[in-house]
C-alpha cells in the first residue's frame, strides 16, 4: 500500500479504477453493456452519465488485461512525474481531460466506438515519445527511435485485431497531437503560445507531486527516502550509488569505472550552493512592503543577493503570479535559459566543443563567450538557447590567463629583468594578431590591466605569469613582445584561461564528461539534479551589472521593447551613471533585459517622471508576464480622445486636440517635437527656377532629418555608427583604387 500511495495521484487513481472495473466485468460481477459508451443512453431521462468515463476504464480481455494496465501506469506515471510540460499542479489532469474529450468525440460519436482505453494509452505513448525525441528504446526484439513507438503499437493492433480496432486507437494519436499543437507548436513551431491552460479551481485540488521513494536501479530493494547516511569523510554526501556503479566500464567516456563516476558531483559541489538554497522552503522574492525589512539577503542567490542594500523608489506594487525564480524553473526552461562554465580541453576548437555540447543536450542553438585557440584550455562559457542573447555582452568582458613562456636564451638580469619587462608591458599596447590566428591581421590597441610573475627558471628558459587583460588581447603576441623587450626572443609554450567575464575556474568549472554523465543520468534514471548542477541560470552572468528592479506590471512592456519609465521602477542600485549598462530584473530575480541607463542614481531618487532606461538586449520571453500597459489614467484619457476624434489613430495631435493635452502630454517615443502642426497641402503655384536660397533650405531640411534620425543615441552607438561609416568608405575607396589600377593595366 505504501508503494501505491507513493505513485502519482492521477495515474494512480486511473489505473486503480481501470483494474477494479475490468476485474468486475471479466469476473462476471458486472455486465459489460452497463459501462460501454452508447450515445443514445446519454440523452434519456435520467441519462447514464457514467458512460462518459467508464468507457475509458475497461481493458481488453485475457492478456490485454495485464498489458493495458502496465502501459497505462508506466506511461501515465512517466508523464505525470517527469514530463516538463506537466510541471505545475493540475496540468496532467487537464491533459487527460482534453485527450479523453477528443477521443470521445472522434472514436465515440464519429466512428461509433464503445471502449476507449487503448486509445487513451496510445495518447500517453505519443506524448511520451514527443518528450523523448532522439532516444531509442526496445520494441520486442528491435531497437527503434522513441518517436516510432506509437506507430509500431498501432501496427501491431492492425495485424492482430484488424483495421477497425486500429482506427479507434489512432484517435488517441490525433488527440495527443492536438494537445501538442495547441500548447506548444501553434502559432510558432516549437515555441508557441499555450492555449490550454489549467483553470485555477483545478490547481486548488492538486499539489506539486513529490515522490516518496528515491530513484533506484533495476533489481535493488525499494526503501522509502530518509536521511542519507554519509559514507564519505570529505565533508559532502553523495547520492550516486547503485545507478552509477551499475553502469560499468565503457558506458561513460573513456571507460571510467563506477568509483570515478562520482567525480561529477565533486567538481561542482561548491559551485551550486544556490541549488541547495532553491530546494529550501524559503521564497526568494521581493515582497510589496514599504521598508527593506530585517531579512538578511547576503546569502540570497544570483541577482537577489544583497537586495536589501538597493535604494527604494517605492515599496508598494501588485505581485503577479507569473514567472518564477531562476533556480526553480522547470528543467526544460532551466536548460534553455542556462550557461555552462566549461573547461575546454586541448586540441578541439571552440566551435567543435560548442557543437558537441549542442548535440549532448539536444539544444536548438548554443554559443560561446570568446574563441580559444585549439591548444588553449580553460574557461569557455557555453550559452544555451535563450542565454545566447548574452554572448555579445560576455565576449567583450575582461579575461584572465596563466601563460607559460619559453625564452630563446638566458637573460643576464634573471628574474628581476623579466619582472621589469612584464611590468613595462602594462596598459594600452599595440598588437597585431599572429599568423596562426584566423582573423584579419590589422594593428589594434588592447589594454593589459595587471600582470604577475608566478615562477621563473632562467636555466630552463621558462617563465609562468598571470595576466588580466581586455577582450581580444593576444597572449601569443604579448610573449613575442616580451622576447623582443628582453633581447633574446620568446614564444608562448602553453596557455590557460582562468577567468572569462563573470565565470572563473574556481567556481562551477565542469568538463565535457560531466555534462555527458549528467545527461545520461537524466535520460536513464530521470534524475535531473546533476543537469542542474552542471548548468547555471543565465542570471549568473549578470551579477556584475548594476541592478534596476522593475514592477511586475511593467515587465511585459519591457519585453516588447518599451522604455522603462519612472512609474515602473521599484528599486535601483547606487552609483548608476547615465549611459551605463544595467540589468533590468523582476522581483523574483529574473533577468528581463540589459538596458542603457538614461538617469543617474541622483535623478532616479528625485525625479517623478521620465525615462529610466532603454532596452539594449531583451532576454526574457514575451508574454511570460501578462500585458498591463494601456490601463493607467493617461492611457485611458488618450483612448477617449482617439475615440472622440481629437487624436488620430496613431495618437498624434490634430486640429481638434485640446490645448491642455498639447501642453501637458509628452510622448517619449516620438522622435519629433510634440505639438507641431501637421503639414497642410499648399496651393498649386506655377513652377519657378530654383534659387540658391531654396537649395540652402533643402540642405537644411536634410540635415534636420538626419539629426532627428540619430537623436537619442548613446555615445557607444554613435561611435559604432561612425566606425561602420568609416569602414564602408575605406572599402569603397579600395574598390575604386583597384578598378583604377585594372583600367591602367588595360591601357598599358
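Counting begins at 1 with the first residue displayed.
Just so it is clear, glycine is given a Cβ too, placed from its N, Cα and C backbone atoms.
Curation plays no part in TrEMBL annotations; they are all automatic predictions.
Sequence annotations record features per position, and here TrEMBL assigns compositional bias 'Low complexity' to 225-246 (among others).
According to TrEMBL, the compositional bias 'Low complexity' annotation covers 682-695 (among others).
Positions annotated as compositional bias 'Basic and acidic residues' by TrEMBL: 710-720.
The compositional bias 'Basic residues' annotation in TrEMBL covers 721-738.
Sequence annotations record features per position, and here TrEMBL assigns domain 'Dyskerin-like' to 296-354. With helix defined as DSSP H, G or I and strand as E or B, the domain 'Dyskerin-like' (296-354) counts 20 helix, 9 strand, 30 coil.
Marked as domain 'PUA' by TrEMBL: 546-620.
Among the features that TrEMBL reports, region 'Disordered' is placed at 220-251 (among others).
Sequence annotations record features per position, and here TrEMBL assigns region 'Disordered' to 670-748 (among others).
Taken from TrEMBL, the feature transmembrane segment applies to 14-37 (among others).
Below 8 angstroms of C-beta separation, residues 7, 11, 14-15, 17-19, 21-22, 25-26, 32, 35-38, 41-42, 100, 103-104, 108, 114-118, 120-121, 124-125 of the same chain, each at least six residues beyond the ends of the transmembrane segment (49-73), sit close to that stretch. Sequence annotations record features per position, and here TrEMBL assigns transmembrane segment to 49-73 (among others).
According to TrEMBL, the transmembrane segment annotation covers 93-126 (among others).
Long-range contacts of the transmembrane segment (138-163) within the same chain: residues 118, 122, 125-126, 128-130, 132, 169-170, 173, each at least 6 residues beyond the stretch ends and with a Cβ under 8 Å from a Cβ of the stretch. The transmembrane segment annotation in TrEMBL covers 138-163 (among others).
Only residues 6 or more beyond the boundaries of the transmembrane segment (14-37), in the same chain, are considered here, and those with a CB under 8 A from a CB of the stretch are 4, 7, 50-52, 54-59, 61, 65, 68-69, 72-73, 76, 96, 104, 108, 113-117.
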